Amino acid sequence: MRVLPATLLVGAATAATPAQQVLGGLQDFGNAVQDAMHENLPKINKPLEAFQEQLKSLYEAREFWEEVANAFPQNLDHNPVFSLPKKHTRRPDSHWDHIVRGADVQSVWVTGENGEKEREIEGKLEAYDLRIKKTDPSSLGIDPDVKQYTGYLDDNENDKHLFYWFFESRNDPKNDPVVLWLNGGPGCSSLTGLFMELGPSSIDENIKPVYNPYAWNSNASVIFLDQPVNVGYSYSGSTVSDTVAAGKDVYALLTLFFKQFPEYAEQDFHIAGESYAGHYIPVFTSEILSHQKRNINLKSVLIGNGLTDGLTQYEYYRPMACGEGGYPAVLDESSCRSMDNALGRCQSMIESCYNSESAWVCVPASIYCNNALLAPYQRTGQNVYDVRGKCEDESNLCYKGMGYVSEYLNKPEVRAAVGAEVDGYDSCNFDINRNFLFHGDWMKPYHRLVPGILEQIPVLIYAGDADFICNWLGNKAWTEALEWPGHKEFAAAPMEDLKIVDNEHTGKKIGQIKTHGNFTFMRLYGGGHMVPMDQPEASLEFFNRWLGGEWF
């Protein structure tokens, strides 16, 4: 059905005009009409202006879709993906050592400063439960001297069940901070971060755990969370297709965990993650900070090689692919020119997405920009996560090690030891990835939340300088472009050498750093998309120093 704009505008104006009243004479009637029109004109114009903006956005969206359909028809062969629920068997309550009921937490009332009754902890937690089991490390051979907990956060109202794995600090758990780790995707399990990057063990080609001396739980307790639902060991009868929907789940998990373990709640708490966590972390952090009455002692956030501000970051795919990021060019001159030519249109689409935040605009922006600026690199067969080498295993995001992790976590004895309720494990769920893309989440301007976060806590953006897909050039650029009170000083701050200071390699240059106020950017030499995997010593160095408060 097609409706002309003029018809709609006239109809709206007519509907907004007040009903006529019976007056004493024609002159009075005319004056009354003029007065009524004058009085109500702003009321008429405001919805008309809003409606005109909506029409403009719709026309623009139609143009975008037609352009994308003509240029990349293969990318529109998509229907919303409603994944079949994972096969699972819920364990009886008797299996778990603790079950923390959100309703019980919400039932605790205290007397506030004004003398009125208020909830001890804010948030809508009634539908949530947290199941907790102390895991026997000796049965897995993973950090056998470290206390571990596994379990599920249950959203009983929406049939969502998020799996987590907690490792206590190897050092001083009574005083060391607590960190939540999130992998990206969207749709990839944080257990890949555990076993490929920063956890207490890696998995070798024999599918056996190998001790990691550079694990991030060397001086911090770490929680690895499989989110959103239907990722890793998590499962649900429903689906999640945008970042905001997952924020309340994370707040509930942390609140109930710290309620059960107040000894950890007393410690400093930090959120860290990589890749699409550049979307997750600003949203999750804002959700936590929005609650004044909370038991989460949030002190800072860390985002590694993240996607946070697409408008700025997509500009740096061409430079990184064409030899301007510190490594040899991957693409030839013709491909580089093609990317240059496509950039302007890509950015105009992203700007429209930022203005409307509508899926109708944001989806074609993602499709166009990814095909124009990412696909030329992907077609070379080079690893998008590391410009220094080829993609060695396309079925496992270029890394054979990811296949080892999946094989290990699919072992029945491993699933039994950690209390997993699903019948199988996949490192990444690509249905979720597509759903996030086709709901417009990929290009949304979540970087706009960062200034509000900086008002309250420090933020570290770090980037391995060999990554292509979330490269250091783009991450440095968006941090320097971000509008916040310290913008000018941060942008003008020089990049200084980052050196090891506390081991036998003292003085070794591991990267560059710039900082002002609560904002810090780091470039890590020789790190790809997964810095802790590529540069374990350097990553533990900056991680420990960041948690120690050296730069804030």
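In case you wondered, yes, glycine gets a Cβ from its N, Cα and C as well.
Marked as signal peptide by Swiss-Prot on the basis of sequence analysis: 1-17. Taken from Swiss-Prot, the feature disulfide bond applies to Cys188-Cys428, Cys322-Cys336, Cys346-Cys369, Cys353-Cys362, Cys391-Cys398. Under the heading N-linked glycosylation site, Swiss-Prot lists Asn219, Asn518, citing sequence analysis as support. Under the heading active site, Swiss-Prot lists Ser275, Asp467, His529, citing sequence analysis as support.
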Most Cβ neighbours inside 10 Å, all chains, among the recorded positions Asn219, Ser275 | Ser275
Across all chains shown, how many C-beta atoms besides its own are within 10 angstroms of the C-beta of Cys428 (disulfide bond)?
-> 21
Cβ neighbour count within 10 Å of Cys346 (disulfide bond) = 23
Here the Cα-Cα span from Cys322 (disulfide bond) to Asp467 (active site), rounded to a whole number of angstrom, reaches 13
Among the disulfide-bonded residues listed here (Cys369, Cys391), identify the one with the smallest other-Cβ count within 10 Å.
-> Cys391
Which same-chain residues, if any, lie at least 6 apart from Cys362 (disulfide bond) yet have Cβ under 8 Å of it = Cys353, Ser356, Gly440, Asp441, Trp442, Met443, Lys444
Hey, what's the Cβ neighbour count for Cys398 (disulfide bond) at 10 Å?
-> 21
One of the active-site residues Ser275, Asp467, His529 has its Cα closest to the Cα of Cys336 (disulfide bond), namely Asp467
